[in-house]
């Protein structure tokens, strides 16, 4: 049993045309709903429908017994009362029952109504005379009104609207079954036993219903039921009831007696009609002027759908004339027995039963009920019109066909008024609206049964007035069939004809009603439809349904499982959330998906309310739903209460166990398309191609792959070798489809890593295609290996832009899965994970930290725990993580992740010493091999604390060793190839051009479309170059000549071979923004590559080589063969770069490009290197205890500094600087 609190907010509509028929405004109060599980729902519906069955049975079981009852009691004049007494009390108390259900316990009120009904049935069964029978019928009717209203109320609280038409169709089923069984049982009891069993049969059914309802109905108290008893009684609208009851009784008596017992002109009939009018006016006034306690609040009549339903329900009640008077036609005209008349009534009952089921199912599917109202009315009109043509000798096929037409139409419209009202009414008004419609339907039946009795009696009297032996008293003292036997035999044919004509006149009264039904049907046109209300949540309107309220999870390992109820592709999604404990090993599947745009949502129905989920998750659930069985899943957006911060903090640490315990993790990549199918086919063929043509890797490639996939080179990802005799050429594969597939947002999602790495089995689901993730990933890994081994890619002859980042994501997943499955110890730290996967995206910035908790191996519950705190601001989370990293690693390595003092940061109030992970972006290109750590000199432990007066100020110990004196332009301010191209302008300007010549050159310079300040920047670079007496005055020359002066003074005489490896490595790693470990040798081929680099610099300095456009960007690392990507539009080709063909200018170009967020600088002490892009002249170069590289600080007042970022300065790296003497340690406050 799930208890759901629903909160309804005020809803408005912008559509003025529908102002009188808009969906309900939602309550501000909270109503709790009991929403049962499937088993309990089935048992509950059995109990509720059992009660409805006995009520429906009682309405019609008497129809075939009436002739025998009138014969026994000599009460033909009371025929109308046997039905009217039941109808009068039922409809008179209907509205009062609605108020009782609103103010009191639903179970208590429902059981009370059943008790009244059973007492009335017992009185009827034991009645010694007609008056007692009528009394019992009145008591039973009062109880039946409560049962009918209660059944609808319980259904509303148990079943969501989108399924309600189908279950409302079951109302028709129950009515149909009881309608079939009623006349048959009535005939059997009357013919074989006694008519009294028509009422005794209700007693055992009622007993079973009471037992089931007592134990199964679990609707918790609502706000209205918690009021004191005195206030509840005051809300029952006794004033309105006092006027309503006599109005109904007087109206029914007037219709019953008028023209039969008394003339219409007699005073008592007139008095009854006057009293009816006065009481009705008084009732209306009480409703208008006492709206707080009104039985019928005026607000519900503002809905056009309710007015149309009100009208239609009255007419439907009037149409009960046919099932009540057709048995009399069968017995009086055709001479049928009670049992036969029940059987002959089946063509009127069974089609109604079938049409009700079909109509309910179709309304559920299409979401529109007005067409069924109109179509049903048309069928009814035809059938009823044909019934008015019945003759004494009408053959059986005809009267059967007439009944079928009429019944099929009635079955289609029977539940439409209720559905129309439930669609637009507020939840709190549904009991009242339901009672209103039941009331008016009962009232219509009572009125028109009385009218029918009046018409029948008057018509019979008129037709038999001249028959010998007939007098009007015979109509009062004989039964419906014995009247024929009371008259002389020669006159019986005349009597039968008179009966037929009189009954046809009664049927004509019913046919007049169809014009009213047609009007109600047309009134529904343009009203709110079920489909429109169900879709209103998708159209940025206020939600029609109460929002699902999560129940708290009590156990530490408790989770919620999402149970999707079966359904077809077009059905709205209905789910249940079931609590479970991980320690109980529940069986479920988990979904790995991308949330998508949170502003675009669709509703799913969940236990009496709705949960709004993104379109992508909605599509996943719709696709994963089974047609005939439930499916148990786990999806974080639904199974975790995203609005409950405490629950998120508790559930996120469990996600590792959730995904590892799931029987399968379903990777949802979308609904699929032809391109997706093509991509998956292409990957499969690619895998087969590699298996066929690339059987073995050489040792060099294997070594590089191991270095690539693991930091220690010990875990090797197995690359499948599945042979296949038929494999297409790789040229035939659709590379664009592969690229598009790998461009899916899923590959760049933060949570993807832990969801798949921790999975027992992962399955990629894309549209109708399901593929094991490992099989999907293998060709991606294979392709990635070919990409870094460019000689192999060259052999393939492919001119493609391989999606390296997405492929790297797949490779990393495979690496971690292999590492987890191996016997090796996983030493992956949280900081490593966050830094390596900083480009991954997430909807909550905090997840940049929390999304990797399930994979890190350095988390513990000891002195330095790290737990999610979604209630903290983002800046606090990032700041706390920075402090955690400093304490955990005993170093200031996290400062290496700072990005230029948050130049592009969206996180407010973030101190400069805490990295902004949401917009870190990565200072360098994708690293194929983790850079070594510069650890020369002695190791130092950080000494830090937070300032007591401001926890945004971090106090560290260190040294201020230098100051920036000169800065060159940054990569984004000027590219080196433009700089070099315009170098001749600088040279000519510096060569002495003055006056007009100088102005002319400046004008020509600007005419090429460069910004006005471009020349000034070039001159600034030239000024810096003058400091080192350089000949070329461009930024390229600055870098080139600094390298020459500092490292290459002896190149001309001694050659590059005389330089030591650590000289090569220390300078190159420093100048390219990497760090170096002096205790480990340089990567293979590094020395030779650096020699080529120096030779290139020498060639450039001598002017023997110029820039070559179209070169590929160089990527550093030990893998030094890379493809060249050409400009789009040029003919695709692949050029391989071997070591002996190394394009040396790429090294210089890469030096600048890899430092595109840094600026070349020179210090006061004559050192050079790279400073952050936001650095300015006068910024300080500092060394911190625990840091491995220098950092740049800027004074900001009050003794505080802003940390701008790392400074890569040659011969000032940490290990070397600590060897310096006479440095004064100081306390540095970073804010």
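Note that Cβ sites are derived from N, Cα and C of the backbone, with glycine treated the same way.
Automatic prediction, not curation, is the source of TrEMBL annotations.
As the structure is a computational prediction, the values presented were derived from the model and not from experiment.
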Range among 12-33, 78-99, 342-363 that TrEMBL annotates as transmembrane segment:
342-363
For the domain 'Major facilitator superfamily (MFS) profile' (44-529), what is the mean per-residue pLDDT, to the nearest integer?
76
Any residues 6+ beyond the ends of the transmembrane segment (197-217) with a Cβ under 8 Å from its own?
36, 40, 43-44, 46-48, 50-51, 53-54, 57-58, 61-62, 65, 106-107, 110-111, 114-115, 117-118, 121-122, 124-125, 136, 140, 154, 185-186, 189-190
Any contact between the transmembrane segment (134-159) and the transmembrane segment (238-257)? By contact I mean 3+ C-beta pairs closer than 8 Å, pairs at least 6 apart along the chain.
no
If we skip the immediate neighbours and take only residues 6+ beyond the ends of the transmembrane segment (109-128), which ones have a Cβ under 8 Å from one of its Cβ atoms?
51, 54-55, 58, 97, 100-101, 135-147, 150, 154, 196-200, 202-203, 206-207, 209-210, 213-214, 217
